[in-house]
Every structure is written in structure tokens, then in C-alpha cells.
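Asker: Structure provided below as C-alpha cells; questions to follow.
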């Protein structure tokens, strides 16, 4: 709703330049309550969608699916650089295309930020690959690195994690293109032939630092603030709890990539219980995860092993295997050595395009790049540098899933090569095909959950019952299933009794069904849980005013009007509620005959009124107050203003008609 339906930046009357000053939800980026999610290119794409098709969701979904198709094509093309032509590239592409973890990003419209960031992420990486291959031999090489930098900037303007492509490009250059091991990086600094390599790395570092610096400055040099329900671990007073939980969360994310059996639209609140003690058995998962990760990284970075694969063919110490192919691990990317081996290979009847396959990266190189692609884009979501507004978000795994797909593919290829018997090779291949089929089927099933809101929220009850029941209550209420909606709200409060939004929603439901005393009770509980909830004050005041408790109503409206919008998640909705409070306070004064006081309050309401507020009733009441004070020119002005803002506003037609009859 906030990203599209109520986002003023999508409307044609809003200057398009506002997109570059507001966050993803349309709030000024420097506002204390801003989410600080600066994604102007994504918002711009929504605006284009809105200009073409309005609020028809079909066009929005079409763009998401087309973007996912484009990303899949680019990822498959990138995989060819690592695996060459053949089954392994196809497997990597199919794994990415069918992975269920992508459902939220593709089927949920706001997930477009992740898909767009991934698109430019891959474009930047492909440009840098071109730069590496043309460096030192063509002037166009600097055009490619410029393209890599611009695409990295665009990726960051789709979503923040896009800037991490610069680090991935550096990893590709050092460990894949130049095939350096950890122990070779420092000695390589002293070799003149590597000057261009380190110059390129320096450019990547400088550009990345500049992008991050500008990004931090643009958002006001302040990190965002989130409620404790968004990220409970960040709000915990215990250092041990925060540490254990934050170390465990990447493990949970990897499990979602490995086995996406249980997926949810929301993982906030208590969806992942905090790890409060070392004795919690989930710490074993954490230890196993980091141990496996470190071992994999160590053996990949350590150096050359005795046995290597050459595009699926086993090679021992550079000697020929049964098929007559050979692989020289230290020579694969050195032009002179490869050229000098062409003659001997052609003498053995091996064609040049077969020799070209020998230039593919080794398994260790691909593992290093895959791990980097899995880990580095995920780092901004780890709470390592700053707290984030979620516990787990499936859409955030869209970019890291590329590293996962490459890792699975290279692992399957290694197993296939190690297998000596044809039966075992077929078993590995069929198991991989079955995995792709199961991923595809799960994606189809998960898309069914995203067909409509009711199905989506029902699917999330198992993971996050409080949030799912609360959202389901809103859907059922919109379907006029009042008793079911009330039960859903009460279920949500059973799991989490201090949710201000749910307390307010239940109060609103009861108020609309004339159960005013119960509604007041829940509004007071909502205010107790969140003292800045202006809409709860507004409805409390309206009920009290209708019950004739005018003094209580006046105090409630006044208190509401004094609540600042600092650090509020949705300042636009808050300002609308404050304006409505002032409008009702003015009506109260008007009914009591205090027209001067009413006018003063109405003027304050106009000053605080946000752009999206519908002002016709407020303007009409201004005219009424002036009319009662016999200031007819001013009254006529405000009646005309009311009709200008909403030409079919019946009360303004009636009051303006009376004025015309009088004059």
C-alpha cells in the first residue's frame, strides 16, 4: 500500500524529481521517521507503470516477470564464462529460474527492487568481465570498466545491496581471471605486469567508496530506526542474545536456500525465536554452518590440488586422462603457454575449440567466486554494520541465490567427475534434474499462495501467527465477514497482546458495529502500547463527542494535535490523523458556538494538512464558521475552495446555495 497505492510520488501531479529526495515509501529521506530505503529507479518504474496502466496490477506483475526472465538469461550467460557451453551452464540457469525463494521478489510487486538491482548487478559484472578480457589489448577496455561502474551505481539505486557488485568484480579479477591464491596476492604487488590489475581494483574501491559516501550523505548521515517487533534481536538488552541470534540468522537463510519448504511473507516478531543461551540446540546449526563455510573457503584458497576438472573431465597432475585431454592448472590463463600447447594438442587430433575449454576456471576458482556471490551481497542484511528492519526477508536472498546456484552446480559437477561408474554419473545427473523439478513444483505451489491476500496470509500463520492473523483480519473485514475478522484480530492478540495496530483495528471494527464501550477499551490499550498512534486518539475523541462527553473529547483532540511526527514510520498517515483531529475539534467548538476558536483550529489544520488529505469538508466548515459570523465574502471563498477540491461534495453545494440565496 505505502509503496504504490498511497505513494504520492507515483502521481502525475507530483514532480518526478521528488523521487530522488524521498525514500521507497514516499517519505522525505532526511525525515527522522524515514525507512532510509533509497530506491529511486524502482519507484520510477512504478511511476511508469502507474502512468501506463493506473492501479491495474496486471502490468506491474508483467514487468516483474519480464525482469526475472532477463535476470535469468544474464545469469545463465555469466555461468557460461565459468562452466562453458553444455549441461552445467544449463543446470545453473534452471536452478536460478525455478528456485522457490524468488517467489516473493517476483510475485510481490515491491520485490521489483531486488530484481532490478540484480539485473544491473549482472550487467555491471559482465562489463567488468569484458574489461578483464580486453585489458592491455584494446582501448575499449576503459569503456567497459566505465560501464561496470555506471551499472553498479544503477544497481544501488534499485536497492542498496547492488553496490556489492564492485567487491564481486574484484574477486573475479583476482581469483578467477588471474587465478591468484591467497599467498600469491602480496608477491603479485611487486610484479610490474600486475599493475593494470591493481589499478582496476583501485578504481573499483574508489568508486565503491564514493557511492557509499554519497548514499550516506543523501540520507542525512543517520541510520534508520525500527520498532522492536521488526527486529527483536536488535532491541534485546542482552549482548549474548544479540550475538547468538545474529550469528544464527545466516544459517537459517542458507537453510531456506537449500530446502525452501517453509516460506512466509513475513519473518518479523517471533517468527524466529531469540537464542538466549549457549545451551540452545540451534547453536549447533550455527557452528556447523560456519565450520563448513570456513573449510570450503580454506581449501579453495589454499592452492592447487592434485586432481582437477577440465569442464567435467578428470585430470591428474597435468597428465592426459583417458580421453587424451590435459589441463595445466597454472597455465590456463597465460596466453603464451596456452598458445605453445596448441601445436602439440593439434598433433593429437584435438581441435582449437576443444582447447579453448581448457581455459575455463578450475573448481576452486568457481567455489571462491560462488561463496563471494553468496556472502557479500547478503552482508548488508546481517546487522553487522547497522540494524535492519527485518529478521529474515526472502526477497533479500534474490541476489545471493546466484552464488548458491553456482555452488550447487560446481558441487554436482565435482561429484559427476569423481564418479567412476556410469550408473553413479547417471544417478548424480538424475538427482540434479529431480532437484530442479522439485524446486519448480514448489515455486508453482508458492505462487498459488500469492494469488490473493487471504491465501497469502493464511499460508503465513504457521511461521508468524501474530502478523498473519492480524493481516487476515483486515482482509476478512474488507469482505464484510465481521465475526471472522473479529476472531482473526483476537487470535493475533493472543500471540502478541501489545500490537498497537491490531488493538486499533479491533477497536475500529467494534466502533463500526456500534459496540462503542468495547471500542474505547481497545483504543485506550492501543494508545497505551503506542502513545503516538494519532488515529486511536481521533476515533476515541469521535466516540466521546457522540456520547456527549465534550470536555473529554476536547482534551483527546488537543492531545492528538500536539503529537509530533518525529521517528514515525508513516508520517503522512500521522499528519492526516492529526488534521482530522483538528477538524473534529473545530466542529466541536462550532457546535458550542465558539466560532472564533473553531476558525483558529481550522487554520491550524490547514497548515498541518498533508498533500494527500481530502480537504473539502474542512474548507466547507471554514465557510460555515465565516457564515455564522456574517463574514460572507470569506465564507464564499471557502465554499468555492471546497467545490474546487471536490466538485461533487454535496454539503458544500447546499451551504453555498444558502449563501447565494441570502445574497
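Just so you know, glycine gets a Cβ as well, placed from its N, Cα and C.
Because TrEMBL annotations are produced automatically, they should be read as predictions rather than curated entries.
For 58-75, 109-129, 194-218, 284-301, 366-390, 396-416, 423-441, the entry in TrEMBL reads transmembrane segment. The domain 'DUF1736' annotation in TrEMBL covers 221-293. Per TrEMBL, repeat 'TPR' is recorded for 466-499, 500-533, 534-567, 579-612.
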Asker: Which listed stretch (58-75, 109-129, 366-390, 423-441) has the most C-beta pairs under 8 A with the transmembrane segment (284-301)?
Answerer: 366-390
Asker: Given the model, what does the mean pLDDT over the repeat 'TPR' (500-533) come out as?
Answerer: 95
Asker: In the repeat 'TPR' (534-567), how many residues does DSSP put in helix, strand and coil?
Answerer: 25 helix, 0 strand, 9 coil
Asker: Against which stretches of its own chain does the transmembrane segment (396-416) lie, if we need a Cβ under 8 Å and a gap of at least six residues from its ends?
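Answerer: Hits for the transmembrane segment (396-416): 75, 79, 82-83, 88, 91-92, 95-96, 99, 101-102, 105, 111, 114-115, 117-118, 121-122, 161-162, 164, 253-254, 256-257, 309, 312, 363, 366-367, 369-375, 377-378, 381, 390, 425, 428-429, 432, 435.
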